[in-house]
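A.B. asks: Annotation comment: TrEMBL describes 165, 208, 352, 356 as L-aspartate binding site. If you look up TrEMBL, you'll see 208, 209, 210, 216, 217, 218, 349, 397, 398, 399, 400 marked as ATP binding site. Per TrEMBL, the feature domain 'Aminoacyl-transfer RNA synthetases class-II family profile' maps to 142-418. The region 'Aspartate' feature in TrEMBL is assigned to 187-190. Among the features that TrEMBL reports, site 'Important for tRNA non-discrimination' is placed at 79.
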Ligand code: AMO
């Protein structure tokens, strides 16, 4: 029931209400019984508030959901310089169990599996919730930039009839008796929608049945995708990547300032022009000769870019065609390389993108060259049969972004409910 006379005030808003009688709602974060006084620390979506309680209220268990009415009183010793005094405490619901560890201690005394197993409650710890606030702000920033550049947001099916990313494994499922797959990316749909809207983006789940047990792979992750028409080549796409990433950093600073401070996050500077290196040149520097970058190569290049350009971001352009999907546009003067790129952030691949083929006959040729039948791609190929402009796009892995930003040692720390080789619950 909402009390008709007192309006709910959030913990972070208390300093603006000194002397007023107000209502706070939240969870009992911490109970501190001192000799002469008991403090209840209440947690709500904005932060923490101190309440000076009566003696009997000292035995309410932590995580009890409370509605507290009282007077906002200045106290320089209290957090934020205010506390609630003379409270009336109403219990809205009590916990049936204690959390696996104390949620009020500044550090988290638990291993990753304990945190993930108990996610519905462990994520209440402010330090464990903070990365997800940063993720949310990042997505808001991504949307704001692309909306501003005339992109239309789309939602596309996550159950599809053919694989979209050659090389990545698919999850097969039964769709009313027909074979189907969980979408590995919105690649085909976003390209098709260039034919309708010219510029589209999507933020949503994608699925990779990769049996990788690493700190940077998930079987389901969040892909921030964009695709735009009428590009000259991949460089136009890279300019949009740069704008999107800069907007994400800005939005994190503006919308998740408390989380940034709590985690001591060092926000990166996104250079006006992100430095770039050609794949062939990168291989020369690395003294290697391989068709793709290994994680150690990415780390090395990340450090190199920091040394050479003072940049935490580096575009690697021109990956060999044989390691890129069939829709990739070749580099016109060196067709063994491609008009594609990866963006490395702090030594890890964050974005993949590039220019695509756009002529129908080029698709038929590319599939034939790879020994693939056009049949499973019939629906995809229709876009090209009806005229498509030169276009390109990219996808950014949200969980990797947040992990790199917050210094998390494992992508699972930036995923609410990770899905991987071993984990299907909670
Ligand atoms: P790609 O397969 O390289 O490209 O994926 C794009 C970005 O998604 C992230 N990523 C992952 N994150 C977590 N777990 C995984 N298993 C995982 N796999 C990939 C990475 C990666 O850079 N269709 C193309 C994009 C495009 O060209 O538009 C694609 O999906 O951050």
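A Cβ is built for glycine as well, from the same backbone N, Cα and C atoms used for every other residue.
Whatever TrEMBL says is automated annotation, not expert-curated.
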A.B. asks: Restricting to the same chain and to residues at least six past its boundaries, which positions have a Cβ under 8 Å from a Cβ of the region 'Aspartate' (187-190)?
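C.D. replies: Non-local partners: 154, 156-157, 160, 164-165, 200-202, 225-227, 325, 327, 377, 379-380, 393, 395.
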A.B. asks: Within 10 Å of the Cβ of residue 217 (ATP binding site), how many other Cβ atoms can be counted across all chains shown?
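C.D. replies: There are 17 of them.
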A.B. asks: Filtering 356, 398, 400 (binding-site residues) by proximity to ligand 1: which pass a Cβ cutoff of under 6 Å to any of its atoms?
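C.D. replies: Those binding-site residues that pass the cut-off, since their Cβ is under 6 Å from ligand 1, are 400.
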A.B. asks: Could you put numbers on the helix, strand and coil content of the region 'Aspartate' (187-190), residue by residue per DSSP?
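C.D. replies: Going through the region 'Aspartate' (187-190) residue by residue, I get 4 helix, 0 strand, 0 coil.
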A.B. asks: Out of 165, 352, 356, the binding-site residues in the record, which is closest to residue 400 (ATP binding site) when you go by Cα distance?
C.D. replies: 352
A.B. asks: Tell me the coarse DSSP state (helix, strand, coil) of residue 165 (L-aspartate binding site).
C.D. replies: coil
A.B. asks: Reported as an integer number of Å, what is the Cα distance between residue 210 (ATP binding site) and residue 165 (L-aspartate binding site)?
C.D. replies: 12
A.B. asks: Any same-chain residues 6+ apart from residue 356 (L-aspartate binding site) with CB under 8 Å of its CB? Would you list them in sequence order, or say none?
C.D. replies: 191, 327, 328, 329, 391, 392, 393
A.B. asks: Specify the count of other C-beta atoms within 10 Å of the C-beta of residue 352 (L-aspartate binding site).
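C.D. replies: Result for residue 352 (L-aspartate binding site): 19 other Cβ atoms within 10 Å.
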A.B. asks: Where does residue 217 (ATP binding site) sit by DSSP, helix, strand or coil?
C.D. replies: coil
A.B. asks: So, in DSSP terms, is residue 400 (ATP binding site) helix, strand, or coil?
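C.D. replies: Reduced to three states, the DSSP call for residue 400 (ATP binding site) is helix.
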A.B. asks: Between any two of 165, 208, 352, 356, the residues recorded as binding L-aspartate, what is the biggest Cα to Cα distance in Å?
C.D. replies: 22
A.B. asks: Taking every residue in the domain 'Aminoacyl-transfer RNA synthetases class-II family profile' (142-418), what is their average pLDDT?
C.D. replies: 96
A.B. asks: Rounding to the nearest whole angstrom, report the longest C-alpha distance spanning 208, 209, 210, 216, 217, 218, 349, 397, 398, 399, 400, listed for ATP.
C.D. replies: 19
A.B. asks: Quick check for the class: what is the C-alpha distance, in angstrom and rounded, between residue 398 (ATP binding site) and residue 79 (site 'Important for tRNA non-discrimination')?
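C.D. replies: That comes out at 33 Å between the alpha carbons.
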